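> Before we start, here is the structure in question, set down as structure tokens.
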């Protein structure tokens, strides 16, 4: 991989420029997508049928995927994949249940009760891509947190296909999706945002998709909530001389195989390890079925950064704020306090990043492109709203009236002050 | 106010159309703002100085507001306003401290540790408008949750002025802002998003602003996190025959005086109350200093909706998902379980909405235009990231290997499977 040296600030600035350059290469489909959304709002199901013909070459009369089709998928799925999905589901549930918030109430002042209700979002739509990008694991990762949040209606949309991947339908059924609709692309996002006769209007849309889906999500944002717009996948590995170069190379490749644009970044204070990882990468690439993609990712976007010290390794990685962060060091847990920005952290020589993609139960929908500085993994907290409530008794209003009206008048908002003064018993001249 | 009757679905559809029509009337400053951002990225402080001259007619050499200027503000502030700000601060802190999340760890499976760290965002920028829209209460509402989240660096930006409102500087100092910079408009947002020699680059930007500020926030979104883009303020009041029409009218006007576009909506099952509220509105409007604004808001955007039943009142309000919701009914708390969507709820005849704007301690930065269906009040949770961490021992990987590799192969991601298989001791053919 290309090597970089220098201070954390310099290197992170170089990488930030590379991110920005990538963003500029993205094609712009704003106008096409705006037109699709407009047509779906105007013509509803008729537009969806027409786009299914145009984009998917399918004649769709009924959008809802039938109970029979889903039952059939359970017949067809590899029984070992079914077991693995069930085990993954169990782990995702046990992890995400810790994220359930109870709300609170505060009743410490006479006549005053304040609190926060945590309410599930009422209707959620989950987009699931078709074809080779159809990942049953992503169905679990998107739907289960919503389910645990208590969302009563969860609608999955996926492009119409001659034959659905049975694992996708099984994952949807296992996670408790309310209904599955065969509609894809920007038109599916428009249908979820505005509703049609067949597709319910939802409050929030999550799930990955191609550039049309991502653009549509941006355009309907505000009308409905959306999750993050994901960039290419990234892995950052912090490794010292205690690391196993073969393991590190394998983990870097597990991200690199996703996409030519995926980024694998090794930060180490050991030149020897960096050399060994390069050799191991080459050896492993040669037998990888997705070699072409992984090689382009490693050669174009992969970086090895050599630092002087352990402190610098973490300083640099905090500037990068990677989606996935492996700490391939002995006693990895002792470095947890040094980590400020990372979507998901994998500690120690055996905690290979794919464990998190499929199985550990932590979420694999993660902030990319440095947005882990301010974003978090998808979680139960993304499927709730926190509603404040307040009760003031007459006496409590009388007590607080002077302060409230002072502030209101100082901001020139007289009607605010009057709403307090007009209450019986309030006399701010006291 | 204009009256509407009909089912919850019909009325909410009418109001949604009105929102959409409003959104279309917004001027578009995308190109102007993009140009400003480009110039700030290119020329840094030089661009900021030039825009201060152009837009604020001020010659600014030093952007940071000095310690002396802030000390001076404490000399100048009305002592009663200072007391009120301190009391408001105490209440905001005691409410928001309940929102601090401890994170969690799960260590129930042999060799497996999973958990979630809750880490403060490292650098936050808060925009504070200048002139008559400068609200010290908003400074407290934006800064204190960040402070309680543990954000170490909080930078406030506000347009340069011959003379700052002392209450703004005092509120900033009381809430623990790190530094205050005199820079406003889209150029301030650009400076916070990308950094200049004087202004630090931050990770997230919050705070209200005019259309230039809002447009700039949208454009830098992704580069940094942002809070919600607020629409006009709204209040929904649910009232029955037990309500006091004078109080209800005063509370509706407290929102109406904000802005000609503000929306006040009364939902009631009592025609008599609706009539009385109309009379009280007219009486109170006639002596209101901001009568022109409030009258236009009430006459253009105000609505009275008459329903048949209590159930319908709540059903309708849940469709509207108002920013502020008052329940002006006896035993108001008993209706809390009926509320599904509302930013901030005010219970009972004495809990006037301005109590929440200034004093109760709940946040007044709230989701508008129906976005309370999926958004929450600004809170401590907006200033943290949740970082997942995972540790698997060698034995734990060996145990999980079969399921993980099954799923990886089923998704066609061989490098994912190999990263597991390559670990010593793993044999998936067992």
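Glycine residues also receive a Cβ, built from the backbone N, Cα and C atoms like all the rest.
Dumping what TrEMBL says about this protein:
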type: ACT_SITE; residues: B:323; note: active site, proton acceptor
type: ACT_SITE; residues: B:324; note: active site, proton acceptor
type: BINDING; residues: B:127, B:187, B:210; note: NAD(+) binding site
type: BINDING; residues: B:233, B:255, B:258, B:324, B:357, B:411, B:416; note: substrate binding site
type: BINDING; residues: B:255, B:258, B:357, B:416; note: Zn(2+) binding site
> Count the Cβ atoms, other than its own, that fall within 10 Å of the Cβ of residue B:416 (substrate binding site), considering every protein chain shown.
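Looking across every protein chain shown, the total is 28.
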> Return the residues near residue B:187 (NAD(+) binding site) by Cβ distance under 8 Å, restricted to its own chain and a separation of at least 6 in sequence.
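Set apart from residue B:187 (NAD(+) binding site) by at least 6 residues yet with Cβ under 8 Å, we have B:36, B:39, B:40, B:47, B:48, B:51, B:55.
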> So among B:127, B:210, B:324, all listed as recorded positions, which is physically nearest to residue B:255 (substrate binding site)? Use the C-alpha atoms.
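So, spelling it out, the nearest of the recorded positions is B:324.
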> Write out the long-range same-chain contacts of residue B:357 (substrate binding site), meaning residues 6 or more apart in sequence whose Cβ is under 8 Å from its Cβ.
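Long-range Cβ contacts: B:137, B:254, B:364.
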> Going by DSSP, is residue B:323 (active site, proton acceptor) sitting in a helix, a strand, or coil?
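Looking at the DSSP assignment, residue B:323 (active site, proton acceptor) belongs to neither helix nor strand, so coil.
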> Compute the C-alpha separation of residue B:323 (active site, proton acceptor) from residue B:210 (NAD(+) binding site), stating it in Å without decimals.
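Each residue's Cα considered, residue B:323 (active site, proton acceptor) and residue B:210 (NAD(+) binding site) end up 19 Å apart.
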> Check each of the binding-site residues B:187, B:233, B:357, B:416 and report back the ones whose Cβ is under 8 Å from some Cβ of chain A.
B:357, B:416
> Calculate the distance in Å between the alpha carbons (Cα) of residue B:411 (substrate binding site) and residue B:210 (NAD(+) binding site), and round it to a whole number.
48
> Among B:210, B:233, the binding-site residues in question, whose Cβ has the most other Cβ atoms within 10 Å in this structure?
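That would be B:233, with the most Cβ atoms nearby.
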> If you measure every Cα to Cα distance among B:127, B:187, B:210, the residues said to bind NAD(+), what is the biggest one in Å?
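Comparing all Cα pairs, the maximum is 13 Å.
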> Give me the count of other Cβ atoms within 10 A of the Cβ belonging to residue B:411 (substrate binding site).
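Cβ-Cβ neighbours of residue B:411 (substrate binding site) within 10 Å number 22.
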> How big is the Cα-to-Cα gap, in Å, between residue B:127 (NAD(+) binding site) and residue B:233 (substrate binding site)?
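Cα of residue B:127 (NAD(+) binding site) to Cα of residue B:233 (substrate binding site) measures 18 Å after rounding.
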> Counting other CB atoms within 10 A of each CB, which of the recorded positions B:127, B:255, B:258, B:324 comes out lowest?
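Counting other Cβ atoms within 10 Å of each of the recorded positions B:127, B:255, B:258, B:324 gives the minimum at B:258.
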> Centre the Cβ atoms of B:127, B:187, B:210, go out 8 Å, and tell me which other residues of that chain have a Cβ in range of the NAD(+) site.
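Here the non-site neighbours turn out to be B:129, B:157, B:159, B:184, B:185, B:186, B:188, B:189, B:209, B:212, B:213, B:216.
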